[in-house]
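Please see the structure below; I have some questions.
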Amino acid sequence: MKDDKLILVGIGASAGGLEALKLFIPNIEPNGRIAYVVVQHLSPSHKSMLTSLLSKDSKLEIAEIKDKTPLKPDIVYITPPNFNVRVSSGVLRLTRPNEFIGPKPSVDQFFISMSEDETITPCGVILSGTGSDGSTGIRAIKASGGITIAQETESAKYDGMPHSAIETGNVDITLTPEKIAPEIAEIFLNSAIPEVTIPEQKESEDHLKTILTLIKRKKGTDFRDYKENTIKRRIQRRMAARKFVKITDYIEFLKSNTEEIEHLFFDILINVTAFFRDQEAFTELKNELTKYIGSDRFQDSLRFWIVGCSTGEEVYSVTILIAEILGDKLSGADIQIFATDIDTAALNIARKGFYPESAIADIDPALVKKYFIKHGSTYEVVKTLREMVIFSRHDIASDPPFIRIDFISCRNLLIYFNSDLQKKVFYSFYYSLNPGGILMLGKSESTGNIDTHFETVDKKNKIYRLPMHRKKVSKPSFPRISVPKHHERMEVQSENDFDSYLRKSRLEEFFDAFAVTDIQMNIFYLHGKIAEYVQLPTGKPKMNLSTMICKMFRSDVRVMVQKIKNGASHSFSPFRKSDGFFVRCNMRKMTDDGHDTGFILLYFENIPEKELPGVSYLDDSCDMRITEIQTELASTKQDLQTVIEELETSNEELQSLNEELHSSNEELQSSNEELETTNEELQATNEELNIAYNELKALYEEREQREKLLLEKTALLVESENTLRTLNKNLEIRVEKEVAQRLQSELFITKIFETAEVGICLTDSKGCFVKVNKAYLNIYGYEEDELLGKSFTLMVPENFRETAMHMHNDFISGKVSEIPAEWEVVNKSGKLMKVISTASRVEMGGKLYKITSVTDITNIKRIEEEQKQREYLLIQQSKLAAIGEMVASINHQWKQPLNSLYQIFQYIETVLDTESPDEALKSIRDVAVESRQIISFMDDTINTFKNFFKLKSSISSFSILEAVKQTLHILDAKISKNFVDISFKYKLSESKSYTKVTNGAAAGLSKIADFYTTGSMNDFQQVVMNLVSNAVDAVGEKKNQDKDFKTGKVTVNVINRREFFEIHVEDNGTGIPDEIKPKLFNPYFTTKKDEGTGIGLYICRLILENKFFGRVSVSRKKQGAKFVVEIPKY
């Protein structure tokens, strides 16, 4: 279904909806065309986590709706709690729900707004949930041409909402949640449904008429007078739902699938209605009905007709108006309300009178309480109103109208009819209404020239009145003809097939003049010089042969038609003389392959006078007798003609009476259905009464048992009375003891009050002291008589007294439940003190008091201040210790670079003494580069240590291989001095072999991207320098200890593992004893006598753990030691 409009998918869900959404949302693919709005019932008092829960598995953005959010494709919008959402012109609007009890947010309200927004293409989806919210909105979406989908009830955790939606008959597709999103994309994005067109060529197949004829054949309803565009849209919608591309394929499917005809039939029936739709119109209607009922025309009897009543909301709205107008007079009035529709499923819903909460959300709560009965999540119209209404299937386009009607409501039905059918319906209303009767139409109806027949009461709300003195009109013609089955078959084949049938019959070859009619003499085809026998009547033309045949054969044709109706296959008239010829009219049934087609062939035979068999020439003596006989015959014909005309008049009156009787019969049939419903209700009531009777019988028997038991217990009560007297005496003794105990308790409490170490005072509502204990007096230095009757603000600093009094008043009145715990107060001598207090409000003798306990915390506060001073001094000492560590580390880190510089300076002196000036200058320039690198490293080191204890360094991406190479270059002097053979290798991955770094290959190390990490390169170089320098020292110490030791070796290996980099520094020196390994990375621990500071490895560990989130470890080798550094990649 290709369209440029944004496709909006509304998703309604309640209980169990989260599970369904978790299956639905992950299957949505972005496509740039579809937006989604989730309307999930939520608790209005709790924050929703739906957005975060659905975001985890969604390929689309999940966003919570804010007011005035414009819709965009590929976004799933979530309705927030305690808000209703609507869409208008492609913009989402949030509103607070009213106080009406019902689901929030409302799925129905959102779906209805989708159906009214012409800027979008709507699609409604109902998922798991209880209740029936969304059922009304589903009808609205379907009526507007949208697609409707419900979750399969078997897959729903709670099937209330899907089941209710499916029961409306307005759901196109039922699927499991995970299949819904792909199906929506298939329908809207991948289907290409063409426009339904009516071919202009006579030979072309009339697709639209064929479809409508199939519906008429199956359902008995003729939609040919409905507006063509409306029918097209409905057919397109069903083709999209069934995934048909070609209309010819869809027609073939209809012919073989009666269930699809049912679906299409109900799609064309647009059941969109609501209680009191257009409130302003109903207010004006109430005023007009009040005037009408109060006039002389009302004689305790009213007949209303609601045309196209759908599911009954409009009917019951009018019924409530009548009940409100009549009030107490309602029970004595004779009210008949005929509610008609061609949708029997909708009539069944209306007849039951059950509606969901969402359907009555906009009704005045007082009317809901008065005219509805609540059953769980549904509301039932009270029986009094339901008994006033007679529901009946009635086709306004083909069935006779009801008569003697006081009020007709036909709202938003005529908009689907073409102009001819609208005129016919208006004429029916004009005929049905009593003089002064009221007609109410929908706001969207086109009224045409209605003013020529009706008086306008309210043009805006389309309310009209029939004039009191209307013209006399005949009853509208609504033929009720039973068409033969084979005729019906031909009608399905279209007019083109009828023409083919005539050509196949070759009638034109056999007859010069003929006519084809149906059994009612309605003309279908004329041929030849038929005008000699068929004449147009004066006045309004009717294409009926019985009125157009010439007078010579008019009576003969009536006789022949009657013979055909009685079963004859062929009939003919006597010969009639006309202009030298004798003419005879013949009538035959037309058949096709031996089957009756329902058509009649009428043709004429012309025979010259001389050739007519059995007729001889007559002499003059006979002419006179013939003339006399002809005169008598003419007179007899005239008398017969008069009789025939009188019979025709009587026949018309009888036909009119028959149609009225038919209408009355329909009313009686409807009444009978209502009585059957009432009978069922009475039967149910009778069953309830039987149950109630059995319950009462059981209660009566239980009562007898209780009386018997009561007699048995009476004796026990007499005995118990004596026991109670004994117990009463014991109780008096017990009460006396309790009073004594209470007095003792009061003395105990008083003792506690007096001896408590905490200061306690009792003040009245004005803040004046009523009682104070000894501890309270000691805290403030007052005597008891100095405080009693005085305000507590005596102890409060003068600048805070007014504030303290306000706080006291708020506490006594209950405005605040607590007051500040710490106070600064003044004792009698004027000294400032700090106290902590608690207060309680008590009521004694009908008066409010405040009990306050006070503790002096002046000394505690002083001790806290001293403690803070000590903590400050400790922090300063820690900082000084950290500075000492930093200085020691700097000394350690600079030792090797300084040695290297020293050797460089010695080398320069040697060069100056032994080489020529030019050669010396060249050698000095070579070592100058090395000197600058060493000085730069020392500068970076001092900057690093400045920031080390601030946990800050310069962060950047650097090559581990390049950093190791530069560090080894700085240590080159020390390595050469100790005659150590150093090896530098790396592995690109665990499965690869080592690559050795030579002087020639060292230049390209920075280009190997796999060995880059992020951090401070200088920090990393300090770690490598410490580990390699220690390894060189260990080799040198080994040489001093073992004279046979030949070659010292140090190896640096760098490995690129899956999750981290690994740097190995190995040597064949003295090794690490197992007992010192746990202490090796502690501060100030060293194995180097007189030389080591014990800070190097400690700094390595700090750098790796704090700056690179890595670690360093050591292991003992057979010869020497091995240090391993691990640095995570991420």
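Quick reminder: no glycine exception, Cβ is built from N, Cα and C everywhere.
Quick paste of what TrEMBL says about this protein:
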- 8-184: domain 'CheB-type methylesterase' (DOMAIN)
- SER14: active site (ACT_SITE)
- HIS41: active site (ACT_SITE)
- ASP133: active site (ACT_SITE)
- 196-469: domain 'CheR-type methyltransferase' (DOMAIN)
- 626-706: coiled coil (COILED)
- 889-1130: domain 'Histidine kinase' (DOMAIN)
What does the structure give for the C-alpha distance between HIS41 (active site) and SER14 (active site)? Integer Å is fine.
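About 5 Å separate the Cα atoms of these two residues.
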Return only the integer: C-alpha distance in Å from SER14 (active site) to ASP133 (active site).
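Their Cα atoms are separated by 9 Å.
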Whose Cβ, among the active-site residues SER14, HIS41, ASP133, has more other Cβ atoms within 10 Å than any of the rest?
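Counting every other Cβ within 10 Å of each candidate, the maximum falls on ASP133.
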Return one of helix, strand or coil for HIS41 (active site), based on DSSP.
coil
Over the domain 'CheR-type methyltransferase' (196-469), what is the model's average pLDDT?
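A mean pLDDT of 84 is what the model gives the domain 'CheR-type methyltransferase' (196-469).
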